[in-house]
Amino acid sequence: MDSSSNSNSNSNKSNSQIMKAVGVSSVERRVAGVPSVIVIGGGFAGIAAARALHDASIKVVLLESRDRLGGRVHTNYSFGFPVDLGASWLHGVCNENPLAPLIGKLGLPLYRTSGDNSVLYDHDLESYALFDMEGKQVPQELVTEVGEVFESILKECDKIRDEYMDDISIQQAFEIAFERNPKLRLEGLSYKVLQWYLCRMEGWFAADADTISLKYWDQAKLLPGGHGLMVRGYLPVINTLAKGLDIRLNHRVKNVVRQYNGVTVTVEDGRTFKADAAVIAVPLGVLKSKRIKFEPKLPEWKESAIDDLGVGVENKIILHFEKVFWPNVEFLGVVADTSYSCSYFLNLHKATSHPVLVYMPAGRLARDIEKMSDEAAANFAFTQLQKILPDASIPIQYLVSRWGSDENSLGSYSYDIVGKPHDLYERLRVPVDNLFFAGEATSVLYPGSVHGAYSTGVMAAEECRMRVLERHGELDLFQRVLGEDNPVLVPLLISRL
Ligand SMILES: Cc1cc2nc3c(=O)[nH]c(=O)nc-3n(C[C@H](O)[C@H](O)[C@H](O)COP(=O)(O)OP(=O)(O)OC[C@H]3O[C@@H](n4cnc5c(N)ncnc54)[C@H](O)[C@@H]3O)c2cc1C
C-alpha cells in the first residue's frame with residue numbers, strides 16, 4: 001500500500017517538474033491535482049457516467065442544458081400524479097436488465113404489458129380493442145389472424161434479406177413479399193388491421209417503414225421478461241442516481257476544445273469548465289445539428305457515424321379525463337387504410353388507476369403533429385378517440401411532447417436507416433482522445449432504450465476513469481477487482497493470439 005502511494009506521488013512530482021521545465025500554463029498544471037471529468041448531458045447516460053465517476057472519487061461536474069434532469073425520461077406531475085412524457089417502459093423485466101437492481105431496491109412497481117415472444121413489440125394481444133373509423137370493433141379473431149399473417153410477412157422478409165445483396169427498406173421488402181405470395185396481401189378490414197400492425201412496428205422505431213433498414217431492423221437485442229410500465233414514473237430512478245452529484249442545470253454546452261492534456265468546455269453564457277476528460281452524453285439529434293462545436297473537429301469516421309445513423313420521432317399526447325368511459329383494456333387502436341392514419345392509445349388506467357389515455361404518434365405523423373399548437377395537437381388526438389368512442393367526454397387536462405423539435409433532443413431515438421452500415425453505434429461510442437461518448441445511440445446491443453443509455457454511461461465512465469487515472473499515474477485496478485462483491489470469471493483481454 002505504502003509503496004504504491006509513494007510511487008504515485010513520485011510520478012506526479014516528475015510530471016510537474018517536466019511541466020515547469022517547458023513553462024506550461026495553469027491549465028496544464030491542473031493535471032497534477034485531483035482527476036476531473038466534465039459530463040455533458042443529464043439524461044440516463046450522463047447521470048450514470050457522473051455517478052460512476054463520482055463514486056470512483058473523480059471530481060465530476062455535470063452540465064445540463066435544460067432546467068431539469070432526465071432528458072428523454074420526463075416524469076410530469078401536473079395532473080397530481082406521475083405520467084411519463086418520454087420513456088415509460090422497462091424493456092426486459094428480468095435480472096439481466098442493468099436497471100433491475102436499482103428499480104428493485106427502490107421498490108418501484110412495474111405493470112407488465114407483454115411477456116416474451118409477443119407479436120407486438122410492447123404488448124401481448126391479451127387485453128385490447130381495435131376499431132375501424134366508423135367506431136365498429138374489429139372482431140378479436142380477425143386481429144389474431146392478421147397478426148399471424150404479419151408474422152409470416154416478417155419471415156418472408158427474412159428470406160428476402162438473405163437474397164438481396166443491397167439493403168432495401170422494410171416497405172420495399174413488404175411489397176416484394178406481397179408480389180411473391182399474393183395471399184399475404186390482405187383486403188378490406190384485414191388490410192386495415194395489417195396497416196395497424198405496421199403502425200405499431202413504425203412506433204417501435206419511431207420511423208416510417210420506407211426509411212427503416214431491412215438488413216438491420218432486428219439487430220438490437222431484446223432482453224427477456226417482456227416489457228413493464230414504470231407505474232410511478234422513471235423520475236425516482238433519476239433522482240436516486242443523481243444524489244450528491246455536482247449538477248449545473250441551464251448550462252447549454254456550445255464548445256468543446258480538446259488539448260493533449262485536458263478539455264475546455266464553454267457554455268452558452270461564456271463560462272468555461274476545464275477537466276482532464278469529458279463524457280459527451282447529449283442526444284444523437286443534438287450531435288447531428290452541429291450545435292456543439294468540437295475543436296479540433298471530430299474525425300471523419302465519427303462525423304459520418306453521427307450523420308448516417310437515423311433518429312426518429314415518437315411523441316405522447318397525454319389526455320386526462322374526469323372519469324373512465326372507455327373499455328377496460330390495455331390499449332385501444334384505430335385501424336385505417338394507411339399506417340399513417342392508424343392510431344394507438346395506451347390505457348394508463350389499467351396500470352395506474354388514473355383516468356388517462358396516451359396517444360402515441362410516430363414517424364411522419366409525429367413530425368406533422370409537432371407543427372400544431374399544443375391545443376391543436378390535443379384536439380387531434382381527441383378527434384381520433386371520438387372516431388371510436390363518439391360519446392367521449394372532453395379531457396380536463398392534457399400534455400404534449402415535442403421530442404423532434406425540442407432543441408435539447410431533436411429526435412426521440414436512433415434507428416438503422418436504409419443502406420448504412422450497422423457499426424455506426426459502435427463508431428459513435430468509440431472515444432476520441434480524451435472525449436468519451438455515451439447515450440442510447442452509442443449502445444450496440446440496446447439502442448433506443450433507457451437501460452441501453454444507462455449501460456453506455458457506466459461503460460464510458462469506466463473507460464474514462466482508466467484514462468484519467470493513467471494520466472495522473474494513479475491507476476489502481478487491483479482495488480476494483482478485489483472490491484467486487486460477486487466475483488465472476490472474466491475472459492482475458494488478449495490482443496494477439
Ligand atoms: C416518446 C418516447 C418514448 C420512449 N419510450 C421508451 C420506453 O418506454 N422504454 C425505453 O427504454 N426507452 C424509451 N425511449 C427511449 C429513451 O427515452 C432513451 O433511449 C433514453 O432516455 C436516452 O437517454 P440518453 O441519456 O441517451 O439521452 P437523453 O435522455 O436525451 O439525455 C441527453 C441530455 O443532454 C442534454 N443536452 C442536450 N444538448 C445539450 C447541450 N448542448 N449541453 C448540455 N446538455 C445538453 C439534454 O437536455 C438531455 O438531458 C423513449 C423515448 C421517447 C422520446
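The chain as shown is numbered from 1 upward.
Placed from the backbone N, Cα and C atoms, the Cβ positions cover glycine too.
Feature annotations, reproduced from TrEMBL:
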DOMAIN    44-464  domain 'Amine oxidase'
BINDING   VAL253  FAD binding site
BINDING   TYR359  substrate binding site
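Note: the residue listed as 'FAD binding site' has non-local neighbours ILE40, LEU63, SER65, VAL265, THR266, VAL267, GLU268, VAL282, ILE292, i.e. same-chain residues 6+ apart with C-beta under 8 A of its own C-beta. For the residue listed as 'substrate binding site', other Cβ atoms within 10 Å of its Cβ number 24.
Mean model confidence of the domain 'Amine oxidase' (44-464) amounts to 96 (pLDDT, 0 to 100 scale).
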